């Protein structure tokens, strides 16, 4: 019962995090719309093509300013994430998570209040984005640590693949909620999501249970690891030795250091892979609606609604990646195959994806699955696996730090992607997609060593089975 409650509650918590991040991508097209397609200029200035834009985004450099907004959030998020995991290991997760959600709701709402307060200075919106990026780092290490505390390694990929759909569900809900007010009063597109995440923070404070032991439940299986001599407990003794020795109170393990987490095999490779995988995912997150408006000439609301299909594909991709990696035992290989297939699909979407609405829908879903599948697998199941790696000898106090390192490195890519898109898009959207394809290929190459290790493990397993049969 408590495990199910933790799964649902952390799902809703992180859904609200992404719900509050999405409105900026929907509102961009309203901050600098095509004024010539609207009603005549009330000021009777026939030469003005930006009378309906929101200053300071009414100039020709509006794409660069949008990139600056994205980067303010994402750079602050990336920097804060490396620190957040350290705090997450040492502070009560319930207080840390709920406090971060309330503050995130505050800064999201303050961004939207700029509309009602008639604010037209760039620094105000930049400051709100920086503050929001910092406090949102409380979310991911906390929810992954909670899930890792409650679930062992059995079917972890599938469970976390389904659970990780909160990212896409949050993006979808954020798009739909922001789309309701984007054309009438875009400030509400931020205020309403801000209220939702703050309310979820209050619910989290009263109902989240951090550890199974807090309610008298047994710890999950990752507290017991296996060696060549048999099952090992937290202290590293075999079960046979432990049965013959007197019972001693277990010492509380110390939280792992930052450098200690980096030494865990696979942390560096998956972190760098996520940097480029998240670059692609977040470029779509922040720029896809504007791309659809510019290329397919849809309205802001229609583009926002259509962009949710990318996140629908992300849900399917996360579940599929988790299921396959559980069955094969190859997390890295699963990621690599999906990244390889994603590169040509991104090329096709850019060149033929807008030929018809049916083609656009199908390719958005496929691209979403292939791009977000590896991203979801690395940030959930892989992070949890490495955070409870056998080299830690059952110390569960590494999960939040490892998760923060992996997602923090990925967040550097999340900051670079929208920034590069803002700088490259004036030269043509084709160049933006070439950049995304290159990032996909690099993400795949960075996992090559781990993939080779997994393949050798499979070959060795097959050879042992054949020898046993003979």
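Along the chain as shown, residues are numbered 1 onward.
Even glycines carry a Cβ here, placed using N, Cα and C.
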Give the range, chosen from 163-182, 223-242, 243-262, that TrEMBL lists as transmembrane segment.
163-182
Are the transmembrane segment (95-117) and the transmembrane segment (332-349) close, by which I mean at least 3 Cβ pairs under 8 Å that are 6+ residues apart in sequence?
no
State the mean pLDDT for the domain 'Major facilitator superfamily (MFS) profile' (9-456).
81
State, in range form, which of 188-209, 267-288, 308-325, 361-386 has the highest count of Cβ pairs under 8 Å to the transmembrane segment (432-452).
267-288
